[in-house]
Amino acid sequence: MSRYLILPVGLAIALLLWFWGSGGFDSLASWAAGEQREFQNQIARALRAARAEQPEAVATLLAVCFAYGFFHAVGPGHGKVLIGGYGLGRNVAFLRLSAISVLSSLGQAVTAIVLVYAGVLVFQMSRQSLVGTTEQIMAPVSYGAIAAIGLWLVLRSLRSFARRGRADSAPHDHHHHHDHGHHHHDGEVCSDCGHRHGPTAEEVAQVGSLREALILIAGIAARPCTGALFVLILTWQMGIAMVGVAGAFAMALGTATVTTLVGWTSFGLRGGLLASASATRFAAVLAPTIELVAGLLIAVIAGGLLLRAL
């Protein structure tokens, strides 16, 4: 069964490489930027209608904000590379990866709300100052955190290779010891004292996965969407602040749609690659190799964005 997956997986990778090499991603980003400008104009019109309390104005605004978030996420940023690279490099459950995508986008909306209302109400910051804070401080912090996650994936993969190298070079003696004295494994209940002496391997993995998820979400959420800042500031000035908050979350859901699709694609690609190689001699090294490539991809792209932002 696995050999039948080699052809579609190979074609998918070749198609992505061709699309990237031919400038397809640049064209896609330019098209998305044009759509963003059109949606910005629609948002401005919908805000004026909402202020005038026209029927269905709020519903129209939320729909436009969702569409803006979708097309905005097609362009650079918003954690697509991180979500895609993480889903490709790590053995993550499908629902967990989806939850990380959605929560990171919602986290961007929360960051935007906190930044705007803390800046406006506490520090009396102008719209230009808020956007400047986002681009000059929060964006580099986010890019740095994402690059660090990429380097961490690289380190994990190198450790996997090192462990495999030690296992291959270790002597395989066959001395059998039949010591049946008192012993127990971590996580198991001791027959003498009735208590566990440590966590199970599954519990340790769950803690690590939760920590990873929180770091991923925080790294993406650290940089709020400028479109959400725009809507929040305008609605505060127009006296319809809660409409702006709803619009920011609608944008976040639009963004989450794209990042979740990227996560699903990486999840399927990883599964296809591993299934294709399961019957070959490369099966044992493929998973850490994928993790290494994904980590390098994340680190290089995020590092480039960080250098541009500084």
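Glycine is treated like the rest: Cβ placed from N, Cα and C.
Automatic prediction, not curation, is the source of TrEMBL annotations.
Here TrEMBL gives transmembrane segment for one range in the set 118-136, 137-155: that range is 137-155. Within its own chain, the transmembrane segment (240-264) is flanked in space by residues 43, 47, 50-51, 58, 61-63, 65-74, 78-80, 83-84, 86-87, 94, 97-98, 100-102, 104-106, 108-109, 112-113, 225, 227-228, 231-234, which lie at least six positions past its ends and keep a Cβ under 8 Å from the stretch.
Comparing 56-74, 94-117, 137-155, 285-307 for CB pairs under 8 angstroms to the transmembrane segment (213-234), the maximum falls on 94-117. Among residues of the same chain six or more beyond the transmembrane segment (94-117), those with a C-beta under 8 A of the stretch's C-beta atoms are 69, 73, 78-79, 83, 86-87, 130, 133-134, 138, 209, 213, 216-218, 220-225, 228-229, 232-233, 236, 245, 248-249, 251-253, 255-256, 259-260, 262-264, 267.
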